[in-house]
Amino acid sequence: MNITIIGPPGGGKGTYSTRISDKYGIPHIATGDIFRSEVDEQSELGKKIEKYLEKGELVPDEIVNKVVRKRISEPDCKKGFVLDGYPRTFPQAKALEEMAELDLVINLDVSEEVIIERLSNRRICKSCGKIYNLKSLPPEKEGVCDQCGGELYQRPDDEPEVIRNRLKEYKKRTQPIIDFYREKGIVEDIVFKEERPIEDAMKDIHAAIGKIN
């Protein structure tokens, strides 16, 4: 059961990937996590990745593809996997075709209003990285992390105007990927016209997985 989750910044890819991984016993593979693992190991790939990350540049498709290929060839992926944050470009989608056959593409179709509401209310602890939301998951004391007492801050790219630009860029880059998979008949849209509980969206995701499992 090979699944990938596609969605905008703040769409909930990590949240839903983790839920799927826990429920169906398949590994959650996030490219960011693999990058960190390779960098920590100081592997050949890790050293290359580190150079791009230090400059704040995107890691080239060729390297991303190698890292994903290596990860999904590991024994724990024999029964399947859930990819989070890959493929991000059309060449990555084509490369993935040569590595594994996807059974399902979950497209988190989240409205711009919901994304702006989520991200503009997001606050992150400077010390431990714990994430809060002023509306749905506020800290007990304003501006202070419940976990470590660190200061909470708003990322500069979580401001509404920046979010709108990020969403435009996301749509431009991702639409060809969604169209490509839609032609194969493996896309299931999970629609968020307004905010909805995680468990509610998970019912739709379980139904989509039920069709292929």
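Placement of Cβ uses the backbone N, Cα and C atoms for every residue, glycine included.
According to TrEMBL, the protein has these features:
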- GLY10, GLY11, GLY12, LYS13, GLY14, THR15, ARG122, ILE131, TYR132, ARG196: ATP binding site (BINDING)
- 30-59: region 'NMP' (REGION)
- THR31, ARG36, GLU57, LEU58, VAL59, GLY85, TYR86, PRO87, ARG88, GLN92, ARG155, ARG166: AMP binding site (BINDING)
- 121-158: region 'LID' (REGION)
- 122-157: domain 'Adenylate kinase active site lid' (DOMAIN)
- CYS125, CYS128, CYS145, CYS148: Zn(2+) binding site (BINDING)
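Positions of the features from TrEMBL, shown on the structure.
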| residue | record | DSSP class |
| --- | --- | --- |
| GLY10 | ATP binding site | coil |
| THR31 | AMP binding site | helix |
| GLU57 | AMP binding site | coil |
| TYR86 | AMP binding site | coil |
| CYS125 | Zn(2+) binding site | strand |
| TYR132 | ATP binding site | strand |
| ARG155 | AMP binding site | coil |
Taking the Cβ of CYS148 (Zn(2+) binding site) as reference, which residues of that chain separated by at least 6 in sequence fall under 8 Å from it? CYS125, SER127, CYS128, LYS130
Return the single residue from the binding-site residues list (VAL59, CYS125, CYS128, CYS145) that has the minimum number of other CB atoms within 10 Å. CYS128
Candidates TYR86, TYR132: member of the binding-site residues with the richest Cβ shell (10 Å): TYR86
How many angstrom lie between the most widely spaced Cα atoms of the AMP binders THR31, ARG36, GLU57, LEU58, VAL59, GLY85, TYR86, PRO87, ARG88, GLN92, ARG155, ARG166? 28
Compute the centroid of the Cβ atoms of CYS125, CYS128, CYS145, CYS148, then list the same-chain residues not in that set whose Cβ lies within 8 Å of it, in sequence order, for the Zn(2+) site. LYS126, SER127, GLY129, LYS130, ASP146, GLN147, GLY149, GLY150, LEU152
Given the binding-site residues GLY10, GLY12, GLY14, which one has the fewest other C-beta atoms within 10 angstroms of its C-beta? GLY14
Residue with minimal Cβ packing [other Cβ atoms within 10 Å] among the binding-site residues ARG88, ARG122, ARG155: ARG155
Tally every other Cβ atom lying within 10 Å of the Cβ atom of THR31 (AMP binding site). 19
